[in-house]
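Working notes, structure below.
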């Protein structure tokens, strides 16, 4: 490993530890179970899963560091000049699915890629972000989530949050449904526009911001009473989450195409999901308001 890779790996392992500790404390019941694994083609990781807690129905916080002789198609499709290069990929990826329909699902990811070829300069880039998927929308939560995202981006330029917020809105979009997966946040990829140290500092700012963005929302909503019908709606909306991850998500596709660990890759899927044929929310209901108001391309900070 190069010194850069070592520095990124040390940060990601520490980030995984800190996020798991914070989520365990907030749940107050369940503990993460670690499954360390080795990839035959090169590398390995630490999968940590939690479930059946007081707050978290299912969740996972994964670290992986894999390498190989050639980039898989999902990683080189938009950069064909990198096809055939050897690669290293490091990242932390997490998804948290709470029981309570009033607590949104959250997702975060930070990652680092290096593509190398003998006799040529190594090409590196970072990617990541975090996004929120509510089932019953709350404006206070949406504003808080985006405010933390904006504050994390602010030291790196006034244009960074608007650019990566818009990218998130475009990326987490179910084309076949014509709707977004959630209320967005930040998404970026192929980040090497600054020098390495600045890009690495930005990744740390985003990774460190996740807990500050998510835990206050969990704390506000976890004790909100809910009905069996609201739970059913949560499971119905979770179906959209499954559809996106299996059809569009670049991280899922990269993992499967690169021979990654299937159990860890599919850890993001919720435990209870339902699909109903041509289901429609009642006009004027909270369920209808989710798509009509919250799942829209909206400037939550009023900028």
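Yeah, the Cβs are placed from backbone N, Cα and C, and that goes for glycine too.
Keep in mind that what you see is a predicted model, and the values were worked out from it rather than measured.
The following features are taken from Swiss-Prot:
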type     : residues                         : note
BINDING  : 93, 109, 110, 111, 259, 260, 261 : substrate binding site
BINDING  : 97, 107, 146, 176                : divalent metal cation binding site
ACT_SITE : 107                              : active site, proton donor
SITE     : 176                              : site 'Important for dimerization'
REGION   : 241-276                          : region 'Important for dimerization'
Query: Can you name the far-off residues of the same chain, 6+ from the ends of the region 'Important for dimerization' (241-276), with a Cβ under 8 Å from a Cβ of it?
result: 35, 37, 39-41, 45, 47, 49, 51, 57-58, 60, 62, 64, 66, 68, 72-75, 89, 91, 93, 95, 97, 105, 107, 109, 111, 133, 172, 174-177, 181, 189, 232, 235
- request: Please work out the number of neighbouring Cβ atoms within 10 Å of the Cβ of residue 110 (substrate binding site), leaving out its own Cβ.
  value: 26
Set of same-chain residues at least 6 away whose C-beta sits under 8 angstroms from residue 261 (substrate binding site): 37, 39, 45, 47, 64, 255
Statement: residue 97 (divalent metal cation binding site), DSSP three-state class -> strand
Task: Tell me whether residue 146 (divalent metal cation binding site) sits in a helix, a strand or coil according to DSSP.
output: helix
Query: Which chain-mates of residue 109 (substrate binding site) that are at least 6 residues away have a CB under 8 A from its CB, listed by sequence?
result: 91, 92, 93, 94, 127, 128, 129, 130, 251
Task: Between residue 146 (divalent metal cation binding site) and residue 110 (substrate binding site), find the distance joining the two CA atoms and give it rounded to the nearest Å.
output: 18
- prompt: To the nearest whole angstrom, what is the C-alpha distance linking residue 111 (substrate binding site) and residue 97 (divalent metal cation binding site)?
  reply: 21
